[in-house]
Amino acid sequence: MADSTLASEILRLSLGPSALSSSASTSRQDANGDDNVDLTERARAAVYAGPPRRTIGNDDAIFDHDDPRIKEDIIRMIVQYLQDEGYVASIMTIQDEASVRFTENLRNRSHFKRIKAAILDGEWVEMEKLVQKTPLKDHKHFLYTVYKQQYLELIEQLEYQKAFALLTKRLKPLEQMGSLHNEFKDLCYLLTCKSIQDAPFFKTWEGVASSREKLVEQFSSMLEIENNDFAVVRHEVQPQRLLHLLKQAVRYQIEFSRYHPKVVPSVPTLLEDYSCFVLPNAHKTTFRGHRCNVKCVEFVGEEGTQIVSGSSDNTLRVWDVEGGRCVRVLGDGEIGSGGGHTSRIWDVSSSSSGDFIASASGDSTVKFWNLRGSSKSPCSATLTGHEGDVYSVKYHQSNNYVVTGGYDKTVKLWDARTGSLLRTFSGHKSSVSRVIFNPLGNLVISGSKDSTIKFWDLVSGVCIKTYSSHLGEVTSVEMNKAGSFLLSASKDNSNRLWDVRLARPIRRFKGHQNTSKNFVRASFGPDESLVVGGSEDGFVYIWDTATGEILHRLGSHSPESHTDIAYRAVWNAHQSLLVSCSHDGTVKTWWYDEQQPWDQDCDF
């Protein structure tokens, strides 16, 4: 059975067929799985439990996923699960593939035992043949040690001619493997000695038998065969071990989330991390420090413990989500090719790891910023090639590429590692306002002031599809995680939800203002059942994805509302927070407050 078929079977068994549906973004379920539950009712089922906690800093340090024993554990758990579910053919396929590797390791293990016996018996020709059949043939330090043992034995037997041949043919090419600089010098000196102990480095030589035993001990210690190799075979797999670990993972996600459900939730899918549904309805924190309007904002990395914002003051600021303080200013006072931008910053994008940030500016450049480096100038590279303002930049899922779009009507693909331009996509008749990658990473999607949305093939550079239903300039495009729906914003006072398979809009989101020269952008909110976006009236709007109705208008009755155009709002599931940026020079986060009445904004 093919790997893809096997994976599908495992997922279908674990999650049920509904979990693989591409229309999950519009489903409505409460904790008991009932459909058509009002979104405000779902929000009321959440209790604020504080900011996400992290007790382990480096998850990769928990275990090495490349360790053969860990891989064997995973295979055994999968086989057990398939056995419990009756997938006999799949089990046989996995066991056949796994047994090949298992047999190879057993064969190596047998060779290792014979190598030890050959060393103890001094059968060096046989030992060398066995070594060539194992990974040890490339282990230079081991080979040097073995040849040294042979050489010393020849010296003790006064076989100087054979010793000299071994020294020049075998030991000399491996001279650097010696433990000390004087070792090889003393090996050469032994050719003129009557006894091995005459050389200072080998005064402690204890004879052939003892040295062979020490060599075997060193060999066994290096391989750690007795203690480690295939220890998994001696452990039985606990019943339903895979399911037990999956349930532990979900419990961990629930426990360490910002909001906890009031009742035990029924998790509909394991394809994404669990997060309690939240409908932001109240202001949490205001971040102040920019000297001009803030055009763009994004959470840094997938975890989103920090926020980065770009402003018309030509700088980027990195903010601590919980503390509300600015932890770093990028570009302020920096000059030269590695310095800051010389014009406003239109867009910003973070790598998934949070190590790098890319910024697009009115100075016709895109800059990369290293947030983890120790350099005084964090700008690691500058991309030049656009003519005029660069309005948008986006990292590829692999973090190896970025795509940009701007005033010159072009979309450009860059290698983020080398800064080289890989491809230019031409076809828009006006400025490109927003560029993104689709979830598979094989397409670039661009929105333009020419009122169209184009899909570009990453390899060929060909435009494979164009949407043109908007009556005004397109200011943003976003895609859901499944790649089945596209959200666009336009200067015709509407956001639209497109069915990508049908290539047509299926819903409009109205009520906000988006007509002026500014880029007012929209994106998907919590579990994609919400759409969030800015507006020229200073409010952050939240729509129901399924109905297109306005659920909330953040800031409409709050003294902490934006006092000017809200350009953008972005949701982060790990932090369960919404962040927005505004022409008033501030960045704000929004959260769910169960004490906040829901009927306060019903007048719109």
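Glycine too: its Cβ is placed from the backbone N, Cα and C atoms.
From a predicted model like this one, the values you see are computed outputs, not experimental measurements.
Pulled from TrEMBL, these are the features on record:
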DOMAIN    108-162  domain 'CTLH'
REPEAT    287-329  repeat 'WD'
REPEAT    338-372  repeat 'WD'
REPEAT    383-424  repeat 'WD'
REPEAT    425-466  repeat 'WD'
REPEAT    467-508  repeat 'WD'
REPEAT    523-553  repeat 'WD'
REPEAT    559-590  repeat 'WD'
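Residues in the domain 'CTLH' (108-162) partition by DSSP class (helix H, G, I; strand E, B; coil) as 46 helix, 0 strand, 9 coil. The DSSP breakdown of the repeat 'WD' (559-590), given as helix, strand and coil counts, is 0 helix, 18 strand, 14 coil. Long-range Cβ contacts of the repeat 'WD' (467-508) within its own chain (Cβ-Cβ under 8 Å, at least 6 residues beyond either end) map to 22-25, 272, 430, 433-434, 436, 438-440, 445-454, 514-516, 519-524, 528, 531, 533, 543, 545, 548, 568. In the repeat 'WD' (338-372), helix, strand and coil residues by DSSP number 0 helix, 18 strand, 17 coil.
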